[in-house]
Amino acid sequence: MKRADRWLRWRPTAWEACLVALILMAGAWSAYLSPYYLDIGQILDSGRQFIIPGLLAFGLLPIVLTGEIDISLASNLAIGAVLLGHLSAAGVPPWLAVPVVLAVCALLGAVNGVLVSWMGLPSLAITLGTMGAYRGLAYVVGLDTGYTDFDDAYLSVGSGYVFGIVPVSLVLFLGVAVVMAFLIHGTVFGRRIFAVGRNSDAARIVGIDVTRLKIVTYAMAGALAGLAALVWIGQYGSARGDNADGSVLFVVTAVVLGGVDINGGRGTVLGVTLALLLLGTLRNGMGLANVGGPVQTVVLGALLLLGVLRPVALRAYHAVRSGAARGKAQAAGT
């Protein structure tokens, strides 16, 4: 089947349809709590706060699809933010500073990839270590005070609007979503990611360079962390070593709740996008209901568990059904 035909024949999965239903219910709940919730300006503005974790989630997606993990992305973002602060203070124009920061963050991501794939070390342990190392480096580079005096050109991506109403960062987010969807679902590179996630040994046998592919996915995630840093300084107007600290739970929850199998090999960009929308809607609703931060964290943790247990439950269900079908076939044969 041609690639165009595959795109035309695409249909959402049952889980993605379930996420849409949950989004509608969460939106109805939020609208019930506040009559201003459905105002288009309010919706667009409230969505800005989930663009940064969304970019990190898109970076994490291909890594998880290969069966690995990266919990250092938020620390990588902090390094990117303080580097942007340094470059702005030095008078470097954004068109030059942004590629430099993206390259540095991609390099930091590639370091994770080398340690995980080339040296064969466990990704959770490695990225836990680099999470602390990169965070410490962000504090060192950012000093104690951080940076707040940015050139306006640096802030436009995170604070600007298209036609006076649509945030530039939202346009950027949607653009990244489209590019990631094409890369993962419409290219040979994407098919190789799925192949490695399903069975890395079999992927090697058919000629896929698993080591190189994983390094590339980690570098991509690092570059997206750098892009998220650019949005961060525009939204918050500051760059400090503690930027995005504590956002890992939200990012991982978005990926896993979006239907990405934590063991790799299964998942979609659409699922992750819908999960981000659901989490954002729920958080807005909980904010309108004056639900405290600790309770919101409990909800996030519960949703993460739901996302992890979902594929396990599905596999168990299919195994039971297959066993029952074989039993009926054997009974009919006798």
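Glycine is treated like the rest: Cβ placed from N, Cα and C.
TrEMBL: automatically predicted annotations, no manual curation.
Since the structure is predicted, the reported quantities are computational estimates derived from the model, not experimental observations.
Listed in TrEMBL for this protein:
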| type | residues | note |
| --- | --- | --- |
| TRANSMEM | 46-64 | transmembrane segment |
| TRANSMEM | 71-89 | transmembrane segment |
| TRANSMEM | 95-116 | transmembrane segment |
| TRANSMEM | 123-141 | transmembrane segment |
| TRANSMEM | 161-184 | transmembrane segment |
| TRANSMEM | 215-234 | transmembrane segment |
| TRANSMEM | 246-262 | transmembrane segment |
| TRANSMEM | 295-313 | transmembrane segment |
Interface-richest range of 123-141, 161-184, 246-262 toward the transmembrane segment (215-234), CB pairs under 8 Å:
161-184
Under 8 Å for C-beta pairs, could you tell me which stretch among 46-64, 123-141, 246-262 has the largest tally with the transmembrane segment (71-89)?
123-141
Applying the under-8 angstroms CB criterion, which one of 123-141, 161-184, 295-313 scores highest with the transmembrane segment (46-64)?
161-184
Non-local residues, at least 6 beyond the ends, that sit with Cβ under 8 Å of the transmembrane segment (161-184):
40-41, 44-45, 47-48, 51, 54-55, 58, 61-62, 65, 190, 193, 224, 227, 231, 234-235, 268-270, 273
